[in-house]
Amino acid sequence: MTHSSDLLQLLQERGFIHQCTDATGLRHAMARPVTAYLGFDATADSLHVGHLQGLMLMRWLQRAGHRPMLLIGGATTRIGDPSFRDTSRPLLDTAAIDANIAGIKGAFTRYLGPDVSVVDNAEWLGGLGYLDFLGQVGRHFSVNRMLTFDAIRSRLEHSLSFLEFGYTLLQAYDFVELARRHGCTLQIGGADQWANIINGIDLGRRQSGLDLYGLTMPLLATNDGKKMGKSADGAVWLNADRLSPYGFWQFWRNVDDRDVERFLALFTELPMDEVRRLGALQGAALNEAKIVLADEATRLAHGQDALDAAQRAAAAAFGGADRCDMPTHAIDAARHSAGVTLAELAVEAGLAASRGAARRLAAGGGLRLDSVTVADADQPLASDRAEWVLSAGRKQHVRIVIATEAQEVC
C-alpha cells in the first residue's frame, strides 16, 4: 500500500471517511509519512466501542507508514466539549482525570503499540495565561462566525457557558501546538468535530502559514437506532476491568444482522472481498459472519489469549462444554447464608447495570436462574446447592458459585 491514494481509497471503501477539508492537498501530503492525531478528553477511565472507529482508522494509517498520535485532553477535560450536547458535562477533579488518562492510554497502546506517541494538552494549556490566550488565539476568531456552527447553535436554546464556548478555541490551539511541536498536520475526528477541526486549520494558517488537514468519520449508530458504543446494560468498554473479554465478544456476536457487513469493514482488518462474502450470508449462515466479527474484534481489543478464553466461555454457555470455562462469579458462604439477592448478583456479574435494571429485566421475563424465569429479582439465591447459572436474555450467562477461597473456584 502506498502512503496516499491507495490508503484514502481503502479508507473510503471501508466506510471511514465522512468529510475531508482538502482531499487533493491531503493526498499530495500523504505521498510522504504524515503525523496524524486523534484526541480524547479524559471523561472516563476507558474508551468504548464508540471510539473504536477512530482507533481502527489510525491502525490503517500506521500500517501505511504514517505516524499516529494520541492527544489526551488533560486540560480540556476540565471544560468539556459542548458539541451537540444538550447539557454541560460534569467537571472532574485532577485525581479523577489522571486516573482516566492512564486507562485511556492503555486502550490506545493495545491497538497501536507501546511506542505510539501520547501527549497531554495540559503541557501547553496548563501554563497559558488568559491574556496571552486572548492575544495569540482569541483575536483570530469571529464570534459571529462561531455562532453559525451547528455544534454551538444547537446549544443556544439551552445553557451554554462561556467556559464551554471557549472549548473550540482550545481545540484549535491544540492542533497548532501539535503541528509546531511534533510536525502533526492531520487531525482525525468524528463528524461532530468538523467545526473544531476547521478552526484549528484556520488558526494554523493565520498564525504561522501552516498547511493543515482534517478528516472526519461518520457518526455511527446501529441499524436499530442505538448510539454506537452503548448496549442495554451501558457502555461497551474496551478495558477488561470495565467489561470482560467475554462480554465484549458477546456484544459483537449479537449485533443486528443489518450491521454485520458494515462492522466487519470498520472493526476488523479482513480483506474487503472476505467482508463482502461474509456480509452476503443469509439466515442462520450469517451467524458465521457474526462469530468472525466477534473473534476479530476481541483479538484486536484483548489479544489471542483473551479471545481463546471468551470462545471457551461461549462454548460452555451455549454448546455444553465444561462449565468451568463459563464466566464465573464467586460469593462466600456467609454472604449466601445472609440472603444475597438475584438483583445484587446480576449487577456484580455484569448482567445488569443496576439493581433497578435487574428488576426491569425480571419484569420483562429476561432474568433466569438455571433456565427458570425469575419473576422477582429481589428474591434471595436458593440455598439448596452451591452452583447456579444466572442468565440475562438468551445469550448472557454467568455461573454463580459459593467458595470460601478464590482458588476453590475452577
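Including glycine, each Cβ sits where the backbone N, Cα and C put it.
Annotation source TrEMBL lists L-tyrosine binding site at Tyr37, Tyr167, Gln171. DSSP assigns Tyr37 (L-tyrosine binding site) to a strand in the three-state reduction.
Per TrEMBL, the feature motif ''HIGH' region' maps to 42-51. Remote same-chain residues near the motif ''HIGH' region' (42-51) are listed as 72-74, 77, 80, 89, 92, 97, 99-104, 106-108, 220, 227-230, 235-239, 241-242, 251, 267 (criterion: CB distance under 8 Å, separation of at least six residues from the stretch ends).
Over the motif ''KMSKS' region' (227-231) the predicted model carries a mean pLDDT of 66. According to TrEMBL, the motif ''KMSKS' region' annotation covers 227-231.
Look at TrEMBL and you will find Lys230 tagged as ATP binding site.
Taking every pair among Tyr37, Tyr167, Gln171, the residues listed as contacting L-tyrosine, the largest Cα to Cα separation comes to 18 Å. Comparing local CB density within 10 A for the binding-site residues Tyr37, Tyr167, Gln171, the maximum falls on Gln171. DSSP states for the motif ''HIGH' region' (42-51), grouped as helix (H, G, I), strand (E, B) and coil, give 3 helix, 1 strand, 6 coil.
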